[in-house]
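Asks: Among the features that Swiss-Prot reports, domain 'ABC transporter' is placed at 2-256, with the record citing sequence analysis. The ATP binding site annotation in Swiss-Prot covers G34, R35, N36, G37, A38, G39, K40, S41, and the record cites sequence analysis as its basis.
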Amino acid sequence: MLTAHHLDVARRHNVILRDLSLSIEPGRVTALLGRNGAGKSTLLKTFAGELTGSVAPNGVRVTGDITLNGEPLACIDARRLACLRAVLPQAAQPAFPFSVDEIVLLGRYPHVRRGGATSHRDRDIAWQALERADADALVGRDVTTLSGGELARVQFARVLAQLWPDDDAMEAGPRYLLLDEPTAALDLAHQHRLLDTVRAVAREWRLGVLAIVHDPNLAARHADSIALLADGTIVAHGTPRDVMTPAHIAQCYGFAVKMVETGDGAPPVMVPA
């Protein structure tokens with residue numbers, strides 16, 4: 001399990017997260033929701049290990065405990081951590097004209113022996129990851145020529161390649177996928193396809209997934225659990241049906257909604273009241 005316990009994060013005098021506790025369970029998708037500036041990306045970066053130790057930005061102070069499979073996150077070296085968790089940030093725009101294939105192969109480098117090169121197996125995994133991300137038609141393209149949605153799917157393939165299961169990976173224990181607004185640049189169909197894939201690999205590969213999603217209806221349909229972030233802490237965490245209530249949404253967003261049952265067994269759809 002990937003767990004934050006009594007987490008506090010401050011940037012100089014600005015408290016961003018306060019006394020926050022949350023666990024990401026293997027095999028399940030947790031959607032993180034909250035208004036702009038609530039601290040969602042900060043929480044994800046903290047879970048990723050990007051705000052502690054030598055990589056901590058100036059002025060950032062983090063207290064509390066974060067453990068990955070029972071081990072303090074700060075004690076895991078960078079290479080092993082890259083084999084245990086993958087991160088898809090909001091803006092992953094390459095500055096150089098790499099090919100789609102090269103970008104996805106970057107996900108395999110934590111698994112390459114020091115001083116070695118990617119293998120035929122790595123290239124096969126990259127191709128399979130592109131297929132699962134519905135990005136295989138983009139192979140050979142210069143990534144600087146891709147649309148925002150095309151690039152998002154390629155970057156999603158990269159993190160799939162990073163966590164692709166093999167014997168060594170499975171022996172290392174549960175692994176984790178951290179996604180910061182993975183659907184933001186995608187059209188309607190690709191939003192649902194990507195989150196369908198996320199849920200499928202969470203179960204197949206025993207991944208714990210934390211995904212920041214802005215659309216509550218999208219989150220409710222695809223996540224196993226939802227965590228609502230407000231005032232620097234988790235104000236509700238549970239199943240979509242339990243969390244996505246008018247009272248919780250009003251508390252989190254200051255916006256009135258009502259719930260409409262769809263009749264297909266899925267959680268109710270949220271509409272303005």
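A Cβ is built for glycine as well, from the same backbone N, Cα and C atoms used for every other residue.
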Asks: May I ask you to report the DSSP-based helix, strand or coil state of K40 (ATP binding site)?
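Replies: SS state of K40 (ATP binding site) = helix.
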Asks: In the same chain, which residues outside the set G34, R35, N36, G37, A38, G39, K40, S41 have their CB within 8 A of the centroid of the CB atoms that define the ATP site?
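Replies: So the extra residues in range turn out to be L229.
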Asks: Mean pLDDT for the domain 'ABC transporter' (2-256), rounded to an integer?
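Replies: When the pLDDT values over the domain 'ABC transporter' (2-256) are averaged, the result is 93.
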Asks: Which Cβ among the binding-site residues (G34, G37, G39) has the fewest C-beta neighbours inside 10 Å?
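Replies: Per-residue Cβ counts within 10 Å for the binding-site residues G34, G37, G39 bottom out at G37.
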Asks: Let me know the most crowded of the binding-site residues, choosing from N36, S41 and counting other Cβ atoms within 10 Å.
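Replies: Checking each of N36, S41, the winner is S41.
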Asks: Minimum Cβ neighbour count within 10 Å among the binding-site residues R35, K40: which residue?
Replies: R35
Asks: Long-range same-chain neighbours of A38 (ATP binding site), Cβ under 8 Å, sequence gap at least 6?
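Replies: In sequence order, L229, A230, G232, C252 meet the Cβ cut-off.
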